[in-house]
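Feature annotation from TrEMBL assigns active site, proton donor to GLU143, GLU382. Feature annotation from TrEMBL assigns active site to ASP288, GLU400. Among the features that TrEMBL reports, Ca(2+) binding site is placed at THR486. Taken from TrEMBL, the feature compositional bias 'Basic and acidic residues' covers 829-875. According to TrEMBL, the region 'Disordered' annotation covers 644-664, 827-875.
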Amino acid sequence: MMDFKMLLIRQLRWPLAMLFLLFVTVLYAVTANLGDVTHAMPKEERETLKEEARDMFYHAYRAYMENAYPADELMPLTCCGRWRGTEPSRGDIDDTLGNFSLTLVDTLDTLVILGDLKEFEHAVKLVARDVSFDSDIVVSVFETNIRILGGLLSGHILAEYFQQRAGIMKWYRSELLDLARDVGYRLLPAFNTSTGIPHARINLRYGLKSPKLENSRETCTACAGTMILEMAALSRLTGETIFEEKAHRAMDTLWRMRHRSSDLMGTVLNVHSGDWVRRDSGVGAGIDSYYEYCLKAYILLGDERYLGRFNRHYSAVMKYISQGPMLLDVHMHRPHTNSRNFMDALLAFWPGLQVLKGDIKPAVETHEMLYQVMQRHKFIPEAFTTDFQVHWGQHPLRPEFLESTYFLYRATGDPYYLDVGRNVLRSLQKYARVPCGYAAVKDVRTGVHEDRMDSFVLAETFKYLYLLFADPSDLILDLDEFLFTTEAHLLPLSLARLSNLTVVDPLVRKRGVDDSDGIFPSKDSDHGIWDEDVENARSCPNTLHLFPESVRRPLRNMVDGICPKNSMRRKLRASEYQAGNQDHTRIINDMGITVITLPDGRVQLVHNMGSAPVGVPEITPVETADFHASVEQVGDQELIRITRKESTDPLPDTPKEKLSTREPKVQLTVSDELLSPSCKKVIEESEGKKETIYEVAARLWEAHYEDWKPRTSDGITYVPNILPNLVLCLSAMENLGLVTRKGKETKPYPPDSFISESSELLISVFSQISQMMEERNRMRVTTVDTDAIVKKAEDVLTPVEDECPEDGDTEEELKISDVLVEAVPAERCPVKEEDAVSEESRTRESDKIESDEKVVSRSDGVEIKESEPETHDEL
């Protein structure tokens with residue numbers, strides 16, 4: 001090669017020689033990668049897969065219509081309908097059901113995507129005739145919004161379009177919009193909180209007055225933050241602004257509740273106070289669609305505040321949560337610390353959102369990681385660990401992975417994603433298809449089916465599968481004119497500037513519809529043409545094939561390389577141990593460690609060297625010692641206690657039923673010397689009694705009232721913070737069995753009295769500190785260092801002046817101050833210059849705290865009562 005170069009240099013001039021060598025080098029680099037490029041899928045195969053996806057949809061759809069309708073869902077194994085209240089309860093999952101023909105409403109626009117206008121018209125007639133929402137049923141606000149309200153709005157938009165442009169459905173008179181408006185008003189009472197954050201559940205007939213909702217105080221971030229698209233569309237289609245205003249206020253409150261230093265969101269919060277109940281932060285279950293709707297609210301509504309918020313959140317996610325191709329939950333207030341060592345299947349939507357954001361490279365990486373997990377387990381399990389073991393084995397035929405596959409294919413044109421879709425289709429056909437539809441997989445390791453087919457299987461899974469293989473020229477809609485909601489319902493982008501549906505004019509293509517008036521663009525027009533030549537001409541081949549492949553290649557063998565299929569050689573650390581994980585339980589049992597749940601609810605790990613099974617090569621004495629060492633390293637963070645037994649002594653006498661690995665309750669253990677004399681007096685008076693937590697809290701405030709009175713020194717008023725003492729006392733009384741959480745909670749004082757409000761505050765602080773202990777106690781062992789409580793709530797004299805936030809205060813410091821000392825009304829704090837900026841400036845700068853204005857609730861003479869903010873001014 002060197003002789004060839006020298007020959008060129010001698011015979012040719014230097015510039016020409018160097019140019020030729022550069023060309024050879026580039027050509028070699030390109031052709032070296034061509035062997036890894038996925039070849040284009042033949043058009044005939046793609047057409048076959050498209051028709052197979054269509055047949056899969058109709059196999060499930062007809063099974064539902066013939067055997068289940070008008071029930072909410074199909075049970076594919078028993079081949080009958082699932083009605084709310086007639087089948088055994090499945091817990092919170094049943095809050096999706098409301099006896100309102102959920103699957104049919106959720107499926108309306110899928111029929112349009114498939115071009116079946118005849119069946120679409122028939123389905124709209126059925127919904128208009130049969131669906132009613134006047135039922136004494138408690139439903140999920142989130143699920144009802146995205147599935148029912150979203151399905152009705154999308155169906156209405158498409159029905160009016162085809163009525164006006166295609167001359168069909170002339171009988172239609174906005175019946176679906178009327179139903180959507182009815183649902184919207186039934187959901188509105190959920191927003192009647194002091195923060196504007198909606199309750200998680202609502203009774204369709206009685207609102208919040210249902211007895212089942214008396215203790216409704218918590219909701220997830222996604223539940224509260226996935227309302228804006230549907231509510232805004234409802235307002236703009238009906239002209240009634242109340243729906244959009246309520247959803248905007250909820251989004252504004254959530255933005256203010258973010259952690260200011262990390263810009264991350266927690267998972268669960270209190271709807272009345274806005275305080276975080278669970279502070280773990282990720283992009284999966286509980287948070288996922290909040291981030292999605294921040295970006296999509298900007299796209300649909302044109303409000304730049306949402307774009308600014310999304311960009312801040314996205315930067316935080318990529319900085320703290322994104323760890324290579326994996327997305328691991330962290331603590332929002334300690335973002336460099338992982339909160340768990342597994343990922344859930346819902347995060348599979350994230351690559352698709354990254355495509356919408358325009359960040360393709362990390363989208364390709366995460367998608368490839370998920371694809372390898374799918375290939376290994378046939379489906380993506382509901383949760384899998386960082387070493388790609390199954391954590392939760394269920395798979396309810398979720399659509400998120402197919403959604404990201406579709407958007408990556410649309411963005412890159414890489415036929416690799418058609419191959420991915422083909423493999424997903426094959427898995428569905430082989431492992432999920434049953435004679436009566438498609439059944440969820442109860443455990444991907446065994447392949448056992450579950451008698452369940454969620455509405456999203458027809459609304460999303462088969463919709464994205466069909467779209468992946470369909471050529472855009474096959475569709476009767478130009479999807480570039482629409483935005484997909486989180487439930488894959490279609491909302492027109494023209495809603496950003498228009499509020500009247502009649503002028504919504506998405507482009508459609510002729511498909512079995514009379515076009516004598518020329519309402520559809522011609523086949524040769526500039527709109528809607530998308531053949532292979534045009535598609536390939538839009539971008540450089542490197543963008544279509546070489547770039548995604550170069551990103552995927554280093555990850556190609558990641559799953560098999562990190563986690564061999566036949567063994568689990570990875571050492572188990574104490575910080576990773578989880579009582580509910582069967583693999584972890586097996587490993588520590590092989591070490592000779594037994595998990596014992598004590599009668600008081602605490603957990604003890606007893607190590608008996610003689611009880612380790614014989615002939616277990618995976619677990620060595622060194623690994624056992626490492627586990628013990630990691631226990632010592634965890635220390636105060638994990639608070640695990642192991643009793644070492646060097647002989648074969650029998651285990652402590654423990655009832656047989658207590659020898660289990662169930663997760664214990666969290667307790668705060670308090671020594672006597674930390675209890676105040678007033679507390680000890682209350683404990684003595686309570687012996688032999690069992691009172692509710694409200695009664696105990698009220699008695700504690702009574703006993704400590706003299707200790708709490710404000711004091712004045714040198715002209716400055718001080719408020720003694722006795723809450724730490726009260727929290728410790730309440731914890732001690734609960735440990736002694738003097739507090740019961742069962743039965744009706746009686747409040748011995750009027751709701752507006754000092755003692756009553758103070759008791760509420762004490763219970764709130766106690767719950768928050770218990771939650772903090774639970775977060776730190778990842779191993780579910782319940783011995784808690786009381787120094788952590790004292791440090792969390794220091795018993796000090798707090799000057800009134802210090803209650804106003806200073807520039808240097810961190811959010812954590814302000815949060816402790818807000819919770820533990822509530823003595824200063826907000827209006828006594830001076831207003832900073834940056835807080836007095838104009839409304840116009842506030843909307844442009846998304847990083848400033850937005851105002852929380854009261855929304856007037858009136859529409860068409862219907863008065864919606866809104867509760868007043870809760871305060872503790874008396875305290």
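Using N, Cα and C of the backbone, Cβ positions are placed for all residues, glycine too.
A separation of roughly 10 Å, to the nearest angstrom, links the Cα atoms of ASP288 (active site) and the residue listed as 'Ca(2+) binding site'. Counting only same-chain residues six or more apart in sequence, the Cβ atoms lying under 8 angstroms from the Cβ of GLU382 (active site, proton donor) belong to ASP344, ALA345, HIS391, TRP392, GLY393, GLN394, HIS395, PRO396. In the three-state DSSP reading, the residue listed as 'Ca(2+) binding site' counts as coil. Each residue contributes its Cα atom, and for the residue listed as 'Ca(2+) binding site' and GLU400 (active site) these two points are 9 Å apart. In this structure, the C-alpha atom of GLU400 (active site) lies 16 angstrom from that of GLU143 (active site, proton donor). Within 10 Å of the C-beta of GLU143 (active site, proton donor) we count 21 further C-beta atoms, all protein chains included. Secondary structure from DSSP puts GLU382 (active site, proton donor) in coil.
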